[in-house]
Amino acid sequence: MTSQSSVISNSCVTMERLSHMMERKAWCSQESALSEEEEDTTRPLETVTFKDVAVDLTQEEWEQMKPAQRNLYRDVMLENYSNLVTVGCQVTKPDVIFKLEQEEEPWVMEEEMFGRHCPEVWEVDEQIKKQQETLVRKVTSISKKILIKEKVIECKKVAKIFPLSSDIVTSRQSFYDCDSLDKGLEHNLDLLRYEKGCVREKQSNEFGKPFYHCASYVVTPFKCNQCGQDFSHKFDLIRHERIHAGEKPYECKECGKAFSRKENLITHQKIHTGEKPYKCNECGKAFIQMSNLIRHHRIHTGEKPYACKDCWKAFSQKSNLIEHERIHTGEKPYECKECGKSFSQKQNLIEHEKIHTGEKPYACNECGRAFSRMSSVTLHMRSHTGEKPYKCNKCGKAFSQCSVFIIHMRSHTGEKPYVCSECGKAFSQSSSLTVHMRNHTAEKPYECKECGKAFSRKENLITHQKIHTGEKPYECSECGKAFIQMSNLIRHQRIHTGEKPYACTVCGKAFSQKSNLTEHEKIHTGEKPYHCNQCGKAFSQRQNLLEHEKIHTGEKPFKCNECGKAFSRISSLTLHVRSHTGEKPYECNKCGKAFSQCSLLIIHMRSHTGEKPFECNECGKAFSQRASLSIHKRGHTGERHQVY
């Protein structure tokens, strides 16, 4: 832990140094602008370059670092470069940044570098190698980088003096031209990057030490045949080719999951051990990787440094920005080899592939239930612990999942970001829009295996299946009546309480169910949006249309177990069964008379209350029953009631 703390501490110093340098950069830019306006002859301040703010490591240091320390190094380097680009510094992307973005190792062992690159040049004895290492080895302490400007090597072929650039923070002297190469050399370390074609020309500097001059300049000689990506080291190309080949030599002994990089395996193994060494000092949440902690901190600070150039939406993580940009481009580069389905994110493809393999490597320690995703295990564990870490600051309600919390917040804000392209109706949840779209497409993907009836929603199928099993788990404590759904029980209990929370804004009539209010309002509007494709008849309720369509198909899926009579509606079967049982569950509290149907009780109650809700629009006469109004209207139209 001491070594790790040292690296983290030193890296923090480096980030603080970057902060100071960025302040200096902004100040320098302002001063330069003022100098131009005032035509001051003062020498302008020098531009901050990537090398001024970078964090450098030797190859030896890189090999000795733990995976968490390497991840920290990657985060710091990438953020430093991003900040430079953000403030407008026109910098060419360094090779090390290119590698880090591809999640490749930025360095290899010095022995490999000497052995792989320019073997004709670097076959020198041990004494010369030590002298060369003295020239190119960097300062080992990250926090003690120094700027070396001492000129110690002279190339006699081109009559140029090269500085010993022993740190990534180099001299401000940009490039050094070599006439024989017709190329520019940034610093002496570039000599190590030449491939074949080098000419071994032994020169001597002012200290009498050997110095070799190269006659060719190839920085990235290794190219991937699959995607064309360039690499300066063959070892890096070999590692990269594993991505295309699908090679994953590092396998987890716990769950069998394989990785192309050893450090990724080490990080993964912490999932099984539960090790989370990096803890947030704000909320106490712990993480497996330091980079995850750094990203998490942005939740508390609100920092979102990555902005979309198309819509200017900002993100706390660069990966989220990259994924977001695919919304604008429509790019889905990750394709499933089994079914051809494409995804905009690689992680989604990986999770999708588990559907085909059936892989569920993550098991709950409490109940043994297995999951394909680690995040699913985390959420599942909260069902055992009762943990609800996401609390609404509006109403105090807490949630176990962040996604559910976000959806809940929309009930306060009224936000409905998911809009139907067919009718313009908006929804707060993506799943609600998906289900709604089936109204337009008539898609019913969920089919009952018992009777073949199909549904657009899975929950409707589950509810329907209880009809076949006879399961009614929700029982009324007042009358003992049982229901398939909890929502049906809640609505039923309003019969006992007399509660009618849904009132019509036109006539003031109240209802115990919202659906009844919606149906009632269509009386005022005359709206009948549901049309039969067979005969064109229109209905104000979708359910009525569905029942009507059974007339054309002759479908009668609900059969009486007593007499075998079949019905098109389950409600009709329920009423019919009462003719066998003699059940009359609806009793008048005025006179004690009982009825087998709720509608008959309602009509009967009007004899006590005198209510006559059905009024003739011709003469104003009112009736207690709709059927009576229909018969009465025939007197105005001259239509005669046919008796068969």
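One-based numbering along the chain as shown.
Positions of Cβ are set from backbone N, Cα and C atoms, glycine also.
Checking Swiss-Prot for zinc finger across the ranges 53-75, 145-167, 191-213, 306-328 points to 306-328.
Check Swiss-Prot against the ranges 106-128, 474-496 and you find zinc finger recorded for 474-496. When Swiss-Prot is compared with the stretches 24-46, 530-552, the one noted as zinc finger is 530-552.
Only residues 6 or more beyond the boundaries of the zinc finger (474-496), in the same chain, are considered here, and those with a CB under 8 A from a CB of the stretch are 463, 466-467, 512-513, 585.
Away from its own ends, the zinc finger (418-440) comes close to residues 407, 410-411, 456-457 of its chain (Cβ-Cβ under 8 Å, at least six residues beyond either end).
Sequence-distant contacts of the zinc finger (446-468) (same chain, six or more residues past either end, CB-CB distance under 8 Å): 435, 438-439, 484-485, 557-558, 570. Beyond its flanks by at least six residues, the zinc finger (362-384) meets 255, 271, 351, 354-355, 400-401 of its own chain at Cβ-Cβ distances under 8 Å. Long-range neighbours of the zinc finger (614-636) within the same chain, counting only residues 6 or more positions beyond its ends whose Cβ lies under 8 Å from a Cβ of the stretch, are 603, 606-607. Looking at the zinc finger (390-412) alone, the prediction's average pLDDT is 90. Under 8 Å from some Cβ of the zinc finger (586-608) lie the Cβ atoms of residues 575, 578-579, 624-625, all in the same chain and six or more residues away from its ends.
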